[in-house]
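Copied over from TrEMBL:
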type     : residues : note
DOMAIN   : 26-310   : domain 'ABC transmembrane type-1'
DOMAIN   : 342-545  : domain 'ABC transporter'
TRANSMEM : 21-45    : transmembrane segment
TRANSMEM : 133-157  : transmembrane segment
TRANSMEM : 163-181  : transmembrane segment
TRANSMEM : 245-266  : transmembrane segment
TRANSMEM : 272-291  : transmembrane segment
Ligand SMILES: Nc1ncnc2c1ncn2[C@@H]1O[C@H](COP(=O)(O)OP(=O)(O)OP(=O)(O)O)[C@@H](O)[C@H]1O
């Protein structure tokens, strides 16, 4: 199955988003290129103005207007880029989350059991957000900044070869310096975060153990420990501040030194120097402008590399999740009403390799029959249910529901075929009606009411402030009533087969009687397969599971 399907990873999803929103992607490209180009023009116009003035020409309004127009255009395109990137980021996030959700639905039952809710949430929320940042604040911004630096270098090359060489030699050194400062700042920020969390941890610990600390005279020890964490945080913040304070003066000094050096060289009378550095007053103004413009993308480039580095881990985690093996799907089969309702033939099954929970299990339940699986704890009764529900495939032998492999059934087919009442009711977010329909629009209002009637819950629901539309909170029903709601949910789609998993296990005698009365109504005219430790009069045919089979 898996090899038939093309492997999906973050790259595929982003590419699909690009293709699916081609206009948006082209707009981003256009505004990125436009912003880079527009930012190049104002210094050139400024140069022209200065050259004109030094040549004694009269300054008309045209050039200053061009200057203003291009400055405004560059700003406008920058903000358009940010907006387009935000929209694109949201589309990518949506596509990624949808893919993750689809994948989640295709995972085998075992994998779902193993998943930790916290890890899953951090994958869906945190990791997806980092991927969004990777593309918006990372790769695309990095490309834009690299283009800005390159385009400035190209224009400077036209204005002054000497300055272009100087910048080419200087930029790598400045970039390394930027990265060094950023890494030191990040290191200190992490150190501070750790120290603060340690200090915060000490407070509840001290309060919890106050009596022991007093009794053993450990006040000074606790104080020193707390002081140590605070001191560490203080030193880390100092470190961050130092590098933060160091960066701007260094860049400004380099900026001033480069401008000063170029001006001095361009003013020297040496013809050899002038071939490299000679320029008019206007060009001097232009290049000064460019020099100050080139440092800000350099700094952003460092931050973007940081963003990309930290996002790579998130991408890897999402790719690992998407690469997990999926539940084997089975081609749809046609039900055969003449076949037994449930049929297990020579079934072997185990969860772990080398472990067999069921051995050579054979059982057959005919339509309308009432049967109960019996056996000691851990014998495999619930496992039989999982096989009948098609959550797992047998290692050997066959499992059939009306002649079809239960794994081949679609969601609606399943609901029409069997209802499952678990030991405990699992609510879904929503109203009382949603608990019964499980958001299935094909279940009519009449079916909902009949199901509640059958479960003996119609009156209790009617007494609720908004009846079926009452939002579900844990206090609206008693434990027994939740179990009745479970029965209503199972019978809502009028299924042929009811699977009952020890549904009276945790109930008191009176509630159990109410549930059993509801069951009697719900199970009439249906095939029923139940699990029970206790064997009563209404359990029908007993099917031993485990050693007894
Ligand atoms: N998801 C699982 N992964 C690994 N082993 C499992 C899993 N579910 C059940 N088992 C093991 O399979 C065996 C059969 O479990 P099962 O729940 O089917 O027994 P049972 O007869 O329903 O027991 P009980 O009456 O206590 O509910 C047990 O040894 C159990 O530990």
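The backbone N, Cα and C atoms fix where each Cβ goes, and this holds for glycine too.
Where the annotation comes from TrEMBL, it is an automatic prediction and has not been curated.
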Taking the domain 'ABC transporter' (342-545) alone, what is its mean pLDDT?
87
What same-chain residues lie close to the transmembrane segment (245-266): Cβ under 8 Å, and 6 or more beyond its ends?
160, 162-163, 166-167, 170, 174, 177-178, 181, 273-274, 276-279, 284, 287-288, 291-292, 295, 299
Spatial neighbours of the transmembrane segment (163-181) far in sequence, C-beta under 8 Å, 6+ residues away:
149, 153, 156-157, 243, 246-247, 250-251, 254, 258, 261-262, 276-277, 287, 291, 294-295, 298-299, 301-302, 305
Distal contacts, the transmembrane segment (272-291) - CB-CB under 8 A, six or more residues away:
42-44, 46-52, 54, 152, 155-156, 159-163, 165, 167, 255, 258-259, 262-263, 265-266
